[in-house]
Amino acid sequence: MTTFYTVISWLSVFGYWLLIAGVTLRILMKRRAVPSAMAWLLIIYILPLVGIIAYLSFGELHLGKRRAERAKAMWPSTARWLSELKECQHIFANSNSEVATPLFQLCERRQGINGVKGNQLQLLTTTDDTLKALVRDIELARHNIEMVFYIWQPGGLVDQVAESLMAAARRGVHCRLLLDSAGSKQFFRSPYPAMMRNAGIEVVEALKVNVFRMFLRRMDLRQHRKIVLIDNYVAYTGSMNMVDPRFFKQDAGVGQWIDMMARMEGPVATTLGIVYACDWEIETGKRILPPPPDANIMPFEEETGHTIQVIASGPGFPEEMIHQALLTAVYAAREQLIMTTPYFVPSDDLLHAICTAAQRGVDVSIIVPRENDSMMVRWASRAFFTELLNAGVKIYQFEGGLLHSKSVLVDGQLSLVGTVNLDMRSLWLNFEITLVIDDDGFGADLAQVQDDYIARSALLDGERWNKRPLWHRVTERLFYFFSPLL
């Protein structure tokens with residue numbers, strides 16, 4: 001009997017180390033970034049079983065077999081649609097400003113289409129303005145309304161949006177609503193899903209959270225886009241979830257959330273429409289390709305319209321596109337670079353690009369919230385401040401609430417506005433969307449908003465920063481080590 005237990009013990013030890021070795025080899029063979037690989041290896045060797053379970057659940061980007069098959073199956077029809085869209089020559093920009101040209105070239109070659117011109121673009125910087133404008137557009141809708149949001153939380157003005165959406169469905173407008181399962185969990189526990197479905201709205205819970213499927217699909221892969229499409233002509237996107245900040249996370253201790261959204265009219269709605277169509281098909285298996293732009297309803301001349309490129313990321317879309325776009329934008333800066341983000345945990349490449357821009361004389365400013373709803377991100381982001389300050393980057397800490405806006409402005413001409421945070425999850429993992437706008441008029445509008453953020457912020461002083469307590473430094477480095485996983 002003793003021999004039997006000895007054999008079992010040795011087999012258990014052998015199996016344990018074989019499992020460790022197998023996962024280690026898998027991490028090394030994935031050719032991931034060195035900091036990310038080192039972080040996972042440390043977790044696995046310090047907390048072996050927990051680390052292995054965590055890696056198999058969250059360490060690799062896998063969409064799940066069914067969704068992956070749908071993503072693969074939809075590409076031929078999407079490619080044909082893009083080919084047909086290219087025949088609408090009148091909507092595409094043939095030239096861009098000097099600072100924007102490299103980024104637009106990257107997008108055209110990786111995504112297959114140029115930026116579209118002739119769009120009317122409005123920057124909305126308050127929740128009231130955004131939700132009231134959205135209600136007006138929904139009330140005027142005649143054919144279709146499509147929405148995707150990470151968070152939809154009932155309360156306040158959001159309920160007016162829900163009521164107007166249900167009224168639109170009752171009068172015959174085809175309404176589709178795609179909401180992330182994790183972000184919108186309060187919505188799916190409320191009476192609204194049943195009410196909306198009874199009104200005729202197609203409500204879909206995207207990327208359902210299910211502990212029994214954690215090894216079949218990565219659970220922290222989230223649908224983080226915020227898109228509204230109305231009649232294939234009016235569109236919204238930006239940083240704002242479908243929440244009223246007066247009713248959202250009031251107990252978080254960070255103040256009201258501050259966001260920005262872009263409202264668009266014109267052919268850019270078509271390119272946003274194909275992104276939505278891909279998301280809808282991946283989640284439901286149903287194909288809803290948008291119609292091509294109607295030349296009869298494009299009243300804006302090239303001279304007065306905005307040129308916009310849409311960048312989408314996530315499984316099924318060009319890999320590392322968002323990351324490459326940000327790097328290209330930063331390296332294009334010659335005079336000024338202003339970035340706003342609630343979560344600043346950049347890749348090494350992006351950090352070095354920002355520091356290099358400052359070191360070659362570009363006026364670089366980063367605006368982040370002083371208080372953050374994520375304790376881990378709050379400490380991890382501070383681990384980058386010393387290197388940024390030493391390079392000459394100005395860091396502003398926003399004190400008027402949780403600054404949730406995501407924007408980049410390069411030389412007053414090239415703007416990036418959307419859902420992308422400057423962290424690993426947005427850069428490498430989630431379904432995200434970003435608008436690239438080549439227009440000095442819109443750049444001036446964005447600069448005015450960023451100046452307002454700066455006026456409500458405190459500039460981080462380098463000398464005071466260097467005198468922070470030792471325990472702060474230790475905590476920062478601890479969370480910095482796990483930054484590739486945040």
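Keep in mind that glycine also has a Cβ here, set from the backbone N, Cα and C atoms.
Using a 10 Å radius centred on the Cβ of HIS224 (active site) and all shown protein chains, the other Cβ atoms total 25. Annotated active site per Swiss-Prot: HIS224 (among others), in sequence order.
For LYS226 (among others), the entry in Swiss-Prot reads active site. Sequence-distant neighbours of LYS226 (active site) (same chain, 6+ apart, CB under 8 A from its CB) are VAL148, PHE149, TYR150, TYR236, THR237, GLY238, SER239, MET240, ASN241, MET242, MET261, THR419, ILE433.
Per Swiss-Prot, active site is recorded for ASP231 (among others), and the stated evidence type is sequence analysis. Note on ASP231 (active site): other Cβ atoms within 10 Å of its Cβ, all shown chains, come to 16.
The feature active site is assigned by Swiss-Prot to HIS404 (among others). In the three-state DSSP classification, HIS404 (active site) falls within coil.
Close to LYS406 (active site) in the fold, though at least 6 residues off in sequence, lie GLY238, SER239, THR340, THR341, PRO342, VAL417, GLY418, THR419, VAL420, ASN421, LEU422, each with a CB less than 8 Å from its CB. According to Swiss-Prot, the active site annotation covers LYS406 (among others).
Annotation source Swiss-Prot lists active site at ASP411 (among others). Sequence-distant contacts of ASP411 (active site), defined by Cβ-Cβ distance under 8 angstroms and a gap of at least six in the same chain, are VAL99, ALA332, ALA333, ARG334, GLU335, GLN336, LEU337.
Summarising the annotation, Swiss-Prot assigns domain 'PLD phosphodiesterase 1' to 219-246 and lists sequence analysis as the type of evidence. Only residues 6 or more beyond the boundaries of the domain 'PLD phosphodiesterase 1' (219-246), in the same chain, are considered here, and those with a CB under 8 A from a CB of the stretch are 57-58, 61, 63, 124, 127, 130-131, 134, 137-138, 140-153, 155-158, 161, 178-180, 182-183, 206-207, 209, 213, 256-266, 268-270, 272-273, 275-276, 279, 283, 290-291, 294, 297, 312, 315, 401, 404-406, 417-419, 425-426, 429-433, 435.
Long-range contacts of the domain 'PLD phosphodiesterase 2' (399-426) within its own chain (CB-CB distance under 8 A, at least 6 residues past either end) are made by residues 36, 97, 99-100, 103, 123, 150, 220, 222, 224-226, 237-240, 245, 252, 254-260, 262, 311, 313, 322, 325-326, 329-330, 332-347, 350, 367-373, 377, 432-440, 442-444, 446-447, 449-450, 453, 456-458, 483-486. The domain 'PLD phosphodiesterase 2' feature in Swiss-Prot is assigned to 399-426.
Per Swiss-Prot, transmembrane segment is recorded for 3-23 (among others), and the stated evidence type is sequence analysis.
Taken from Swiss-Prot, the feature transmembrane segment applies to 38-58 (among others), supported by sequence analysis.
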Rounded inter-Cα distance in Å - ASP231 (active site), HIS404 (active site): 28
Rounded Cα separation (Å) that holds between HIS224 (active site) and HIS404 (active site): 13
